[in-house]
């Protein structure tokens, strides 16, 4: 069975925990409580299987606290990660600048490909869902950007996340196949 580790990162109060719970079908949290360090959610998704082998896949979703005081822990969180989801609150202008730092630390410095990264512009309930694409600085503007609004269209973000999980599993599977071939030859 293939396993993949995916990090949920981004600024404080961007909606990472709410999205993580929704996408992994974990418990609902009704009041805001900042994540201290990291929460690890383990789950399987029946819609995601390994490359034409039909074998199941296990995921670890690491819901990382957005407070900069945890920056010293980031190297440990990043170790052996296969993908990074950067979540930001689309209604807070300062988040656009902050996600550049998250991208630099968690994607560029880890030498992950842009295909291993997903950018989610999260809209909190009652905020209205302005689907206009925010003005993202390069290289963020090359990433896949998805809007999420759990109030208006929860299934859209679920379907986009499943597509993302499939691409991560394909990447993990191809990497494993290359490794096995290098051992054989």
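Using N, Cα and C of the backbone, Cβ positions are placed for all residues, glycine too.
Straight from Swiss-Prot, the features:
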{"type": "BINDING", "residues": "10-17, 63-67, 123-126", "note": "GTP binding site"}
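Highest local Cβ density among the binding-site residues 13, 67, 125 belongs to 13, counted as other Cβ atoms within 10 Å over all protein chains shown. Residue environment of residue 64 (GTP binding site) contains 27 other Cβ atoms, counted within 10 Å of its Cβ in all protein chains. The number of other Cβ atoms within 10 Å of the Cβ belonging to residue 16 (GTP binding site), over all protein chains shown, comes to 28.
Residue 125 (GTP binding site) falls outside any helix or strand according to DSSP and counts as coil.
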